[in-house]
Amino acid sequence: MKETKDIFNFQNSYTNLPEKFFTKTKPNSSIKPELKVLNYSLIKELGLDEKAIEKDGLNVFSGNRIPNGAECIAQAYAGHQFGHFTMLGDGRACLLGEHITPNGERFDIQLKGSGRTVYSRGGDGKAALKPMLREYIISEGMHGLGIKTTRSLAVVTTGEDVVRETYLTGAILTRVASSHLRVGTFQYASRFCSKEELKALADYALDRHFKGYEKEENKYLYLLEQMIKNQAELISKWQLVGFIHGVMNTDNMTISGETIDYGPCAFMDVYDHETVFSSIDIGGRYAYGNQPNIGGWDLSRFAETLIPLLSDNEEEGLNIAQKAISKYPDIYTKYWINGMRKKLGLFDEEKEDEYLIEGLLNIMKNYQMDYTNTFLALTRRRLEDLNLCNDEEFKTWYNLWIKRLERQGKSDEEVVELMKKHNPVVIPRNYRVEEALEAADNGDYSIMEKLVEAIKNPYDYSKDLEYYIKTPEVPESYRTFCGT
Ligand code: AMP
Ligand code: MG
């Protein structure tokens with residue numbers, strides 16, 4: 001494969017897939033581009049040349065110059081949106097190419113908001129500044145929390161307004177991902193392509209994300225099982241930090257196991273299973289407590305697409321798929337309980353741990369306690385922060401927990417160390433994110449910079465982060481909107 005050096009070291013493999021999977025496209029050029037945010041740590045991680053990016057990045061990130069080695073495409077995919085199957089595709093994104101890092105890792109470099117493509121349907125192909133900055137902040141926050149996610153390299157404004165309910169500043173986000181393969185890509189192949197084309201896609205996914213498949217007897221079953229495992233782990237991590245994705249449509253579930261498409265997402269303040277952040281999610285389909293179930297639903301749609309590959313006999317293929325999917329709830333629960341154990345400083349397993357965990361969550365719900373700060377108070381042993389030290393229900397739970405800790409025979413220091421690694425001090429709280437976005441939209445990026453700095457190392461207990469720890473004055477009935 002040809003390698004061509006520019007600010008990226010592109011080497012494209014996706015364009016070797018059958019043509020049905022993509023359409024060649026070009027980003028719009030921007031009339032008056034301005035670089036607003038640049039991710040210096042990501043520049044380093046990707047092995048990019050900082051000076052070259054500072055000199056010419058703006059031209060590339062704004063769509064005004066196609067770098068050497070790029071093969072600009074929009075990817076085709078379909079998906080279930082709120083349960084309804086639709087043909088989708090990159091309607092406002094352009095994949096420039098796959099950057100190979102000095103360590104040989106491969107990352108998609110995509111411009112999001114770079115104009116219309118053949119998949120745009122009625123949309124304008126553009127993006128507004130605030131939602132792109134929001135994706136930047138939350139994706140960097142997720143990365144800081146140790147949760148697999150697409151990353152954000154840069155945000156530029158284009159010099160053109162976009163029309164939503166009002167006129168908004170137009171912007172482009174440069175997104176970095178292990179790949180942009182989605183469950184929806186498989187649904188597209190399954191619905192609109194031949195078996196050979198579906199097979200080509202599955203083989204491509206195996207090669208790109210599931211090395212080790214070579215020795216498997218049924219490599220497509222391996223693909224399904226690994227995908228189930230990775231998504232179960234990912235969603236358990238969302239639950240453990242109180243992250244609500246907001247739009248878990250099948251086109252927003254990656255094959256790489258990264259969190260993708262930060263639209264109406266947010267972190268939960270007060271603990272409540274029913275918390276919903278999307279204004280259009282009326283039925284609570286994507287509510288916090290429903291995310292693990294919906295993950296299973298989306299994975300079932302993925303499994304369906306693989307049936308023809310799992311066996312030449314359709315019924316057998318279906319049985320194999322069903323058997324694999326039926327394991328998802330247990331796999332998920334195991335990840336989640338083990339994660340919760342760590343949040344509570346538990347090194348070993350006892351059967352009754354689930355009751356201990358549920359007991360705390362019930363108290364949090366009944367007393368409308370902040371999810372992150374409850375674990376923070378337990379970690380710091382600052383029970384006075386909880387405001388319910390004299391409550392009998394809490395005292396009973398607390399004594400049970402202390403007795404449980406004593407039974408495992410670990411020192412206090414060891415317990416606190418473990419808890420500190422799993423209970424963040426700071427999360428990107430909605431009202432702080434909004435505050436940063438509002439200021440940035442008015443030209444002041446300093447608040448966003450400080451926020452991003454704070455959420456980069458969310459497990460650092462040595463810093464004074466009171467400003468970000470503080471909960472909003474009034475518990476929010478927070479809604480972000482889908483018009484991103
Ligand atoms: P998302 O909500 O970002 O997951 O997008 C869902 C689908 O709508 C994808 O196919 C997007 O490419 C498409 N889409 C979102 N916004 C726009 C837009 N402004 N113009 C064209 N297509 C869009
Ligand atoms: Mg999407």
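Glycine residues also receive a Cβ, built from the backbone N, Cα and C atoms like all the rest.
In TrEMBL, annotation is done automatically, which means it is predicted and not curated.
Annotation source TrEMBL lists ATP binding site at G89, G91, R92, K112, D124, G125, R175, R182, D261. Counting only same-chain residues at least 6 apart in sequence, those with a Cβ under 8 Å from the Cβ of D124 (ATP binding site) are R92, R116, V162, V163.
The C-beta environment of D251 (active site, proton acceptor), restricted to residues of the same chain at least 6 apart in sequence and closer than 8 Å, consists of Y77, A78, G79, H80, Q81, L88, R182, V183, G184, D261. The active site, proton acceptor annotation in TrEMBL covers D251.
Take the CB of N252 (Mg(2+) binding site) and look out to 10 A: across all protein chains shown you find 21 other CB atoms. The Mg(2+) binding site feature in TrEMBL is assigned to N252, D261.
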Same-chain residues at least 6 apart in sequence whose Cβ lies under 8 Å from R175 (ATP binding site): A93, D108, I109, Q110, L111, K112, E135, T150, R151, S152, L153
Among R175, N252, D261, the binding-site residues whose C-beta sits under 6 Å from ligand 1: N252, D261
Residues G89, G91, R92, K112, D124, G125, R175, R182, D261 binding ATP per the record - widest CA separation, whole Å: 23
C-alpha spacing of N252 (Mg(2+) binding site) relative to G89 (ATP binding site), in angstrom: 11
Cβ neighbours of D261 (ATP binding site) where a neighbour is any other Cβ within 10 Å: 21
Candidates near ligand 2 among the recorded positions D124, R175, D251, judged by a Cβ under 6 angstroms: D251
Cβ neighbours of G89 (ATP binding site) where a neighbour is any other Cβ within 10 Å: 23
